[in-house]
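Per Swiss-Prot, these features apply:
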- Arg13, Lys14, Asn15, Tyr16, Lys73, Tyr130, Arg134, Ser138, Arg199, Leu200, His201: substrate binding site (BINDING)
- Arg68, Ile69, Val70, Leu71, Leu72, Lys73, Tyr83, Thr84, Lys90, Gln112, Gln147, Ser148, Trp193, Arg203: FMN binding site (BINDING)
Amino acid sequence: MSDFIPPAMDQMRKNYSLGGLHENDAKSDPLVQFQSWFEEALEDVPNWFEPNAMTLSTSDVSGDITSRIVLLKGVEEKKFLFYTNYDSTKGSQMRANPRVSLCLFWPHCQRQVRIQGTVDKVSREMSETYFHSRPRDSQLGAHVSQQSSVIDSREAMESSLAQLKARYPEGTQIPLPENWGGYAVTPMSFEFWQGRPSRLHDRLVYKRDDADSNDWVMQRLSP
């Protein structure tokens with residue numbers, strides 16, 4: 001079988017010319033720099049785009065890597081928060097190896113941020129607060145989904161949803177599932193990427209040696 005190559009894929013490219021990233025303009029604290037870029041990403045954002053969508057990469061003890069899109073749900077106490085099913089593939093991999101990578105790409109700004117760090121579960125109280133702020137259908141969906149497990153059919157899943165709706169009618173509180181909640185990523189490195197002409201992009205990386213340290217070292221990387 002021949003390789004699948006869509007027409008002209010090798011010629012698909014954009015010229016990046018919206019701006020630059022210089023050390024003199026970058027914040028000394030990468031969290032402040034992230035906040036600045038995130039706020040700019042919210043400006044003139046296309047209505048189809050979720051600027052808090054990020055790629056979460058995890059790995060198991062054998063070194064196999066899995067990546068997927070999750071939603072950033074907050075930055076609190078200098079940690080990046082997201083929520084998911086603890087029994088999912090990512091949940092089991094993070095139990096085995098708490099080192100993770102996050103990547104946010106904002107094409108309308110021609111920018112990307114990579115974050116590497118370690119992950120811990122948030123408190124059940126924090127998970128409950130967020131869970132009950134979600135739309136009711138999303139709360140029910142968290143109960144129905146046995147994430148990453150094989151299921152017989154979509155119909156079986158929808159039947160389970162109907163049963164849960166009958167069990168928890170409007171006006172009753174839906175409990176937080178035991179296997180669902182939040183994670184907090186403590187960053188150890190950031191890389192801020194700004195697209196530039198001629199593929200000579202700007203890349204500034206911040207690193208620290210200790211999770212309790214506020215002493216970040218900034219360096220420029222070759223594109």
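Glycine too: its Cβ is placed from the backbone N, Cα and C atoms.
Features recorded in Swiss-Prot, as mapped to the structure shown.
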{"residue": "Arg13", "record": "substrate binding site", "DSSP class": "coil"}
{"residue": "Arg68", "record": "FMN binding site", "DSSP class": "strand"}
{"residue": "Lys73", "record": "substrate binding site", "DSSP class": "coil"}
{"residue": "Tyr83", "record": "FMN binding site", "DSSP class": "strand"}
{"residue": "Lys90", "record": "FMN binding site", "DSSP class": "helix"}
{"residue": "Gln147", "record": "FMN binding site", "DSSP class": "coil"}
{"residue": "Trp193", "record": "FMN binding site", "DSSP class": "strand"}
{"residue": "Arg199", "record": "substrate binding site", "DSSP class": "helix"}
Based on Cα distances to Asn15 (substrate binding site), point out the closest of the binding-site residues Arg68, Val70, Lys90, Gln147, Trp193.
-> Trp193
Considering the binding-site residues Arg13, Arg68, Lys73, which residue's Cβ sits among the greatest number of other Cβ atoms within 10 Å?
-> Lys73
Among the binding-site residues listed here (Lys90, Arg134, Arg199, His201), identify the one with the smallest other-Cβ count within 10 Å.
-> Arg199
Say you check the Cα of Arg13 (substrate binding site) against those of the binding-site residues Val70, Leu72, Lys90, Gln147, Trp193; which is nearest?
-> Trp193
Using all protein chains shown, find which of the binding-site residues Asn15, Gln147 scores highest when you count other CB atoms within 10 A of its CB.
-> Gln147
Between His201 (substrate binding site) and Trp193 (FMN binding site): CA-CA distance (Å) | 7
